[in-house]
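This report refers to the structure that appears directly beneath it.
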Amino acid sequence: MSRLKAASELALLVIILQLLQWPGSEASFGRDACSEMSIDGLCQCAPIMSEYEIICPANAENPTFRLTIQPKDYVQIMCNLTDTTDYQQLPKKLRIGEVDRVQMRRCMLPGHTPIASILDYLGIVSPTTLIFESDNLGMNITRQHLDRLHGLKRFRFTTRRLTHIPANLLTDMRNLSHLELRANIEEMPSHLFDDLENLESIEFGSNKLRQMPRGIFGKMPKLKQLNLWSNQLHNLTKHDFEGATSVLGIDIHDNGIEQLPHDVFAHLTNVTDINLSANLFRSLPQGLFDHNKHLNEVRLMNNRVPLATLPSRLFANQPELQILRLRAELQSLPGDLFEHSTQITNISLGDNLLKTLPATLLEHQVNLLSLDLSNNRLTHLPDSLFAHTTNLTDLRLEDNLLTGISGDIFSNLGNLVTLVMSRNRLRTIDSRAFVSTNGLRHLHLDHNDIDLQQPLLDIMLQTQINSPFGYMHGLLTLNLRNNSIIFVYNDWKNTMLQLRELDLSYNNISSLGYEDLAFLSQNRLHVNMTHNKIRRIALPEDVHLGEGYNNNLVHVDLNDNPLVCDCTILWFIQLVRGVHKPQYSRQFKLRTDRLVCSQPNVLEGTPVRQIEPQTLICPLDFSDDPRERKCPRGCNCHVRTYDKALVINCHSGNLTHVPRLPNLHKNMQLMELHLENNTLLRLPSANTPGYESVTSLHLAGNNLTSIDVDQLPTNLTHLDISWNHLQMLNATVLGFLNRTMKWRSVKLSGNPWMCDCTAKPLLLFTQDNFERIGDRNEMMCVNAEMPTRMVELSTNDICPAEKGVFIALAVVIALTGLLAGFTAALYYKFQTEIKIWLYAHNLLLWFVTEEDLDKDKKFDAFISYSHKDQSFIEDYLVPQLEHGPQKFQLCVHERDWLVGGHIPENIMRSVADSRRTIIVLSQNFIKSEWARLEFRAAHRSALNEGRSRIIVIIYSDIGDVEKLDEELKAYLKMNTYLKWGDPWFWDKLRFALPHRRPVGNIGNGALIKTALKGSTDDKLELIKPSPVTPPLTTPPAEATKNPLVAQLNGVTPHQAIMIANGKNGLTNLYTPNGKSHGNGHINGAFIINTNAKQSDV
């Protein structure tokens, strides 16, 4: 082992010798040096922010050395050594340069080699501070280890395994000014500091010293700070500090000292700061500081045993004393404790057991700025306690047992800035308690039992007076959290113009109005009203912002209150929802994210942000006394402020007549009467008192069989008469409803409506007012073969022509037939003309011409379209048809309808007056209620006449046909149609419209005819391409001999057989003059071959 040790020391010596041969350099370590070291490969260097980190050996998970270098500032060497030979792994040729501080952590002492050799090896130049911290020294420290560290100013040596140090340890460190040794040292050598005449601070804390050698501090004339804390110096005497007259601060806390001699600090004549904390004092001697007239601060904190009191005049006559910190479970203090120490500025007596204070305690503290009496057991303070502390700015009295604040206690504290009296038992505050504290900025009175009420004043008067704080106009913070306050006082709003924070949380405030939130503070004010008992927040609809208003928002937190969500909070709800008057948004910003309703039951737990304003109601009556109630018996009456309505709810009350109703208050605008599910047979007169004010009448589920207009209140705007026994409504009632009802304000379903001619006014009303009738689609006719929805009917459906008309027509036809037979012989030579006349009277339909049938119609075509497709009508369809090669007369509702007429009547009239109806089918048409009604009218007209009169133009993509209206879907599946964009569009459209052509003569006059009825359908058939190949078989039809046709065309009757659809049954040709033709004229009428292509016509 001895040989191994010698070899190690020899190796280190070789390294040192090599190091001593290197030229010195003052260049600081930089990025280039770091890069070169990484290239070398023995160690790894990396820049980290403004530092460099070196790891040796390179890439090791647990490196032996980790160096952190801040050039020109510090070097930290972190060691992980198992033996002193590991120092050989330090990076070679490293030149760190000048640094101020070197710290070596967890490193071993380098054998018998100086620590300075390691610094030299690393190229560290001129350090002034060395910190050596390690619990693994490897050996005891000696003078040799500190050799060549003459330039050090500060040396800190920390270890836990060193109990003794040599007397000459510090002999070579003559320039040392600050020394710190923490090493569990049990004994201090008497000559340890003999050569340290420049030493200014000694830190020997956290050792195990039991005594100090006499005169050990006598050779250090510059010593200022002596820290001997956390040792075992139980028996200090004045001789321990002999020669230490230059010491200014001494710290002997945590030494287990139980008592001190009265003259222990006699030699410390210049001391300014003494720390006696954390000892075991049960008493202190009188005159302890009599020799220390330069005292500035004394600390006696956390005494380990109770120290009941302090000796009289302990801190008296200290001309420079400023700070006292006394926390030792003190129970009482002498009145002359600080006598004539007039420069004291800070006294901390918090966390003691004081119950009261002598009135003269602060008699001479005219310069006192801060006084801490918190966390004691004070129940009372003398009114004269602060009589002389006129410069006091900070007073802390929290966590005591004080019950009141008198009118004089703070009368001389005009400079007080902060007063904290939290967590006491305060109940009363004299109204003049803060008259003189007009400089107060922060007042904390939270967690007390303050209610601020004046017992001799009426409750209403108390809301109009100021609180005791009204004199503090410059107050910034007023903390009244967790008290018993029930009002927001006027002075908080109107006179505290600098207020920034008002905490009223956890109090007993039960209601708020606009005036309670109208703060005039010129700062951004935060008001905390959470956890009160606020049930009502009433804001007016309109407010006037006076001259005192400023633009600063008041932030009010209203969360966690038991709010009653009734009609009184309407404008508050509007403000929360953002639907508010502008003046509110400029004044308040409310926090309500946790505010929910506590009542009524239906809204319990609902966040106010989700409340709908129309659900907010209040009872009309607040008394249960029948003599005082205005609400009808068996009914519930509420006021709804949202629309200023009185709601009377008498539903399911087994009523047989409308009860007597209260008169509508002048502030109310509406009366809503609910009488659903009763047994009413009739309604009262509209002039009945109370009933005359009803604006919304709900009568569903009664037994009404009729309603007269004089039973409907004049101002009625909503009427629900569904599920009664009504069969009809007369025209006067419908006229009234037409004048007064609003959107979806009428309900008529569930009644057994009779859909006959008497129901025509009702049907027209439902068609004209489909937006007003909320249940229009559920109105059913009961007199049909099966229940039919009224919305699907037209006036022609419910009111067909009189039977008498048909009887008269039959009689006329019969008479006409008799007359024709009677005169047949007389007018034999005119038999052709007579047959034509009979044919014109529906006796010979194949000779009936279209123009003859439609000669009384004003228009060639009625155009049905959605108003959203109007550009197509105006820009294309109308110009092409009215001004094209064949000019047609069109009916367009924008131009040709009668002004003021019913829409359904205009539709029926337009269809009846037009030879064709053109349907411009699009998505807009499908969505249009009126457009679908126009189609339905045209379709039914065509069905009644047995003729095809509808031309469908598909203008745009209509989607899935299966999703269309049933009637329209069926029509499109069974009939042909045109598509906009077809190359033959205009030719096909003009061909499908009525034709007028000049033709031959009959008899003595010219007879102009259009195609036969059969050809009308054939023209429409040409809208879609015809099959290329004709059908292989002729459709079955009833063959009819037409002698008239035969005679007119020069053939025998049996040669001219016509099929009912207008086709020639023999050859599909007609042969005038013995020639066969595919098309031609018969009797002056143009006949079209229905199997011909369009190009053949």
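In case you wondered, yes, glycine gets a Cβ from its N, Cα and C as well.
So that you can see what the record holds, here are the features copied from Swiss-Prot:
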DOMAIN    622-663  domain 'LRRNT'
CARBOHYD  Asn80  N-linked glycosylation site
CARBOHYD  Asn175  N-linked glycosylation site
CARBOHYD  Asn270  N-linked glycosylation site
CARBOHYD  Asn346  N-linked glycosylation site
CARBOHYD  Asn391  N-linked glycosylation site
CARBOHYD  Asn482  N-linked glycosylation site
CARBOHYD  Asn508  N-linked glycosylation site
CARBOHYD  Asn654  N-linked glycosylation site
CARBOHYD  Asn677  N-linked glycosylation site
CARBOHYD  Asn703  N-linked glycosylation site
CARBOHYD  Asn715  N-linked glycosylation site
CARBOHYD  Asn730  N-linked glycosylation site
REPEAT    198-219  repeat 'LRR 2'
REPEAT    222-243  repeat 'LRR 3'
REPEAT    439-460  repeat 'LRR 12'
SIGNAL    1-27  signal peptide
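Cβ neighbours within 10 Å of Asn391 (N-linked glycosylation site), excluding its own Cβ and spanning all shown chains: 15. Under the three-state DSSP scheme, Asn346 (N-linked glycosylation site) falls in the strand class. Distance from the CA of Asn508 (N-linked glycosylation site) to the CA of Asn391 (N-linked glycosylation site) is 36 Å.
The separation of Asn270 (N-linked glycosylation site) from Asn508 (N-linked glycosylation site), Cα to Cα, is 58 Å. Asn677 (N-linked glycosylation site) sits 94 Å from Asn80 (N-linked glycosylation site), counting Cα to Cα. Among the glycosylation sites listed here, namely Asn270, Asn703, Asn715, Asn730, Asn270 has its C-alpha nearest to that of Asn175 (N-linked glycosylation site).
Here Asn654 (N-linked glycosylation site) is compared against the glycosylation sites Asn80, Asn270, Asn346, Asn482, Asn730, and the shortest C-alpha distance is to Asn730. Candidate glycosylation sites: Asn80, Asn346, Asn715. Nearest to Asn730 (N-linked glycosylation site) by Cα distance: Asn715. Taking the C-alpha positions, the distance from Asn80 (N-linked glycosylation site) to Asn270 (N-linked glycosylation site) comes to 46 Å. Counting residues of the domain 'LRRNT' (622-663) by DSSP class, helix then strand then coil, yields 0 helix, 10 strand, 32 coil. Minimal Cβ crowding within 10 Å, among the glycosylation sites Asn346, Asn703, Asn730, is found at Asn703. Using a 10 Å radius centred on the Cβ of Asn270 (N-linked glycosylation site) and all shown protein chains, the other Cβ atoms total 14. Every protein chain shown contributes to the tally, and the Cβ of Asn715 (N-linked glycosylation site) ends up with 16 other Cβ atoms within 10 Å. Over all protein chains present, the Cβ of Asn482 (N-linked glycosylation site) has 20 other Cβ atoms lying within 10 Å.
Residue counts for the repeat 'LRR 2' (198-219) under DSSP, split into helix (H, G, I), strand (E, B) and coil, are 0 helix, 3 strand, 19 coil. Note on Asn175 (N-linked glycosylation site): other Cβ atoms within 10 Å of its Cβ, all shown chains, come to 15.
In this structure, the C-alpha atom of Asn482 (N-linked glycosylation site) lies 30 angstrom from that of Asn346 (N-linked glycosylation site). Neighbour density for Asn677 (N-linked glycosylation site): within 10 A of its CB lie 16 other CB atoms from the protein chains shown.
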